[in-house]
2 protein chains.
Amino acid sequence: MRTKGTQATGEFSLIDLFLSHFPRARVPVGPGDDCAVLAPSKGAQCITTDAVVEDVHFKRAWFSPEDIGHKALAVNLSDLASMGAIPRWFVCALALPRDFPRRELAGIARGMSALAREHTIALVGGNFTSARELSITLTVAGELLPGTAPITRAGGRPGDVLYISGTLGDARLGLQQLLSGVRRSTAILRQKRPVPRVGLGRLAARFVSAGLDVSDGLAQDLGHLCTASRVSAELELERLPLSRAVRAALGTEGALAGGEDYELLLAVPPERTPAFERACLRGEVPVTRIGRLTRGEPGHIRDASGRSLRLPAGFDHFRGGRRIDRSGREG
Amino acid sequence: MRTKGTQATGEFSLIDLFLSHFPRARVPVGPGDDCAVLAPSKGAQCITTDAVVEDVHFKRAWFSPEDIGHKALAVNLSDLASMGAIPRWFVCALALPRDFPRRELAGIARGMSALAREHTIALVGGNFTSARELSITLTVAGELLPGTAPITRAGGRPGDVLYISGTLGDARLGLQQLLSGVRRSTAILRQKRPVPRVGLGRLAARFVSAGLDVSDGLAQDLGHLCTASRVSAELELERLPLSRAVRAALGTEGALAGGEDYELLLAVPPERTPAFERACLRGEVPVTRIGRLTRGEPGHIRDASGRSLRLPAGFDHFRGGRRIDRSGREG
């Protein structure tokens with residue numbers, strides 16, 4: 001963990017403060033040198049990088065530092081989950097406004113560290129720099145069990161059954177509630193503290209033909225899966241798993257537009273669905289069958305009656321003016 | 001390569017635009033899925049993450065997009081160089097202001113891609129997000145040849161001879177010239193286009209006891225090496241390799257405070273110095289002997305006459321108010 005662009009002596013103690021919340025990484029060379037040094041991996045490695053930026057992905061007025069630290073790691077772990085990978089290590093690049101309070105930095109570290117411990121992933125290095133707004137960019141690595149193929153978006157085949165984990169739309173509803181002045185609700189917790197489906201991803205890797213994590217809304221992400229797999233899809237809208245609050249406030253279409261669900265969308269060949277469902281039951285991971293992949297125009301999605309679904313694009317972010325309309329244009 | 005926080009349809013073509021400047025990575029799964037998937041590494045892996053931020057590490061008025069793309073990768077490659085690692089892959093997280101011009105994004109990609117090709121390092125994934133200011137956070141991985149130990153800061157021993165590559169202070173002088181209105185000079189080129197000493201690092205790994213890349217000024221970074229190695233050092237100031245311009249404008253003390261030199265500081269056991277110097281000559285890598293490690297208070301540095309050197313701390317950055325005074329306090 002080093003500074004560049006923030007060479008004041010004081011900054012080094014910020015680094016020590018941040019690191020002190022994490023267990024010492026068991027690697028040949030950890031934080032403190034120019035690079036971390038890691039032993040060769042046994043299985044294939046899955047790598048992802050993702051950032052959370054102040055006023056885009058969170059507001060400091062509404063998110064505790066612990067929430068921010070949690071979310072920064074959770075969105076990355078969700079990408080590992082979607083490939084079926086076992087979390088291994090990550091590096092953390094922090095951009096901090098000048099005079100960022102030490103107690104808030106400690107809070108970010110605590111939120112991140114708690115989730116890291118839960119998933120046994122080691123912080124091996126990082127970087128601090130100054131910036132106008134707070135942002136956290138993580139690069140996270142997972143490993144596939146030797147001999148296991150990663151879950152990708154491209155393997156889906158017509159006839160495969162579609163499953164979604166958890167419920168949809170809650171994080172979007174939470175965002176709307178925050179914007180309207182509500183400060184506490186189950187949906188707001190989903191917005192602030194997404195739960196990466198790491199266990200489900202590892203379990204699913206043995207059964208699925210394709211999958212991804214739903215971060216841009218089910219409609220859009222199902223479109224990505226279908227495009228990559230060169231198939232169409234049929235969604236049974238009445239089967240979508242929605243909380244009562246989401247059903248009342250957003251309805252099916254709002255839940256489809258979702259955003260930041262971080263649930264896994266999985267395509268399972270029909271002959272494997274009984275074993276997959278049994279494994280999910282044993283693992284106590286809630287999944288719901290919501291449709292199937294079909295032949296047809298790649299990326300095209302219909303409901304059970306055959307009606308084309310218009311894809312709602314994206315979702316509202318915190319920053320004013322980032323609202324994206326149904327045609328995909330920013331408004 | 002995916003977007004989060006920038007879900008407008010148009011953004012996907014920005015990603016394609018960026019990627020189109022890079023050769024297709026030869027990995028099991030490259031950009032476009034939730035993670036990149038890489039085959040297991042043969043040797044140990046060296047990992048580093050580093051960011052360049054608008055108005056902290058560059059000004060868009062003074063740096064071309066190509067300069068920015070080059071610098072973002074160069075500062076990371078320099079960390080790999082300092083460990084003696086062979087560059088392998090990197091991921092790129094871009095934070096872009098709204099309405100960032102496409103031609104500037106293409107320029108960043110071109111500058112980054114040219115340096116990536118030179119060092120045969122593959123872009124395997126990344127992320128776009130919106131932000132108030134432009135920043136680029138890369139995570140870069142290199143590999144050690146099987147059986148080779150990494151160069152760390154901690155291995156130096158009393159008696160080891162200190163070498164520095166290239167010349168010192170040029171990037172700092174370039175920054176001063178930019179601030180004073182000069183727009184073109186050799187020193188400004190060193191500020192905009194640092195040259196990571198990757199070849200030297202690989203060569204040096206066979207000889208050195210310790211080393212690092214000098215990014216915070218020789219005085220400060222030598223202090224880090226001495227502290228990690230628990231030794232003192234004696235610098236022969238008159239031997240410091242300074243360009244004529246740096247000698248005239250900054251003097252020895254200014255060059256010691258340096259900043260963004262990205263030269264390698266290496267400690268070589270005395271019995272290996274003849275072979276090391278021959279290898280550098282053969283490799284056409286200029287290195288200069290500038291002192292030696294000694295017994296004494298860890299981190300303490302003297303000149304050849306035994307006088308303690310006060311360590312100038314840090315260096316001026318682009319952002320107003322970040323000037324750091326000699327005592328290490330921000331002013």
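Cβ coordinates are placed from backbone N, Cα and C, and glycine is handled just like the others.
As written in TrEMBL, here are the features:
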type: DOMAIN; residues: A:32-143; note: domain 'PurM-like N-terminal'
type: BINDING; residues: A:Asp34, A:Thr48, A:Asp79; note: Mg(2+) 4 binding site
type: BINDING; residues: A:Asp34, A:Asp79, A:Asp213; note: Mg(2+) 3 binding site
type: BINDING; residues: A:His57, A:Glu260, A:Phe315; note: substrate binding site
type: DOMAIN; residues: A:157-297; note: domain 'PurM-like C-terminal'
type: BINDING; residues: A:Asp216; note: Mg(2+) 5 binding site
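Projection of TrEMBL feature records onto the structure.
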residue	record	Cβ within 10 Å
A:Asp34	Mg(2+) 4 binding site	29
A:Thr48	Mg(2+) 4 binding site	29
A:His57	substrate binding site	24
A:Asp79	Mg(2+) 4 binding site	29
A:Asp213	Mg(2+) 3 binding site	26
A:Asp216	Mg(2+) 5 binding site	24
A:Glu260	substrate binding site	25
Handout entry: Rounded distance in angstrom between the Cα atoms of A:Asp213 (Mg(2+) 3 binding site) and A:Asp79 (Mg(2+) 4 binding site)
Key = 6
Problem - Tally of residues which DSSP labels helix, strand or coil - the domain 'PurM-like C-terminal' (A:157-297) - result: 65 helix, 28 strand, 48 coil
Handout entry: DSSP residue counts for the domain 'PurM-like N-terminal' (A:32-143), split into helix, strand and coil
Key = 36 helix, 44 strand, 32 coil
Problem - Cα-Cα distance linking A:Glu260 (substrate binding site) and the residue listed as 'Mg(2+) 5 binding site', given in Å to the nearest integer - result: 6
Practice task
Between the Cα atoms of A:His57 (substrate binding site) and A:Asp79 (Mg(2+) 4 binding site), find the distance and write it as a whole number of Å.
Solution key: 17
Handout entry: C-alpha spacing of A:Glu260 (substrate binding site) relative to A:Asp34 (Mg(2+) 4 binding site), in angstrom
Key = 34
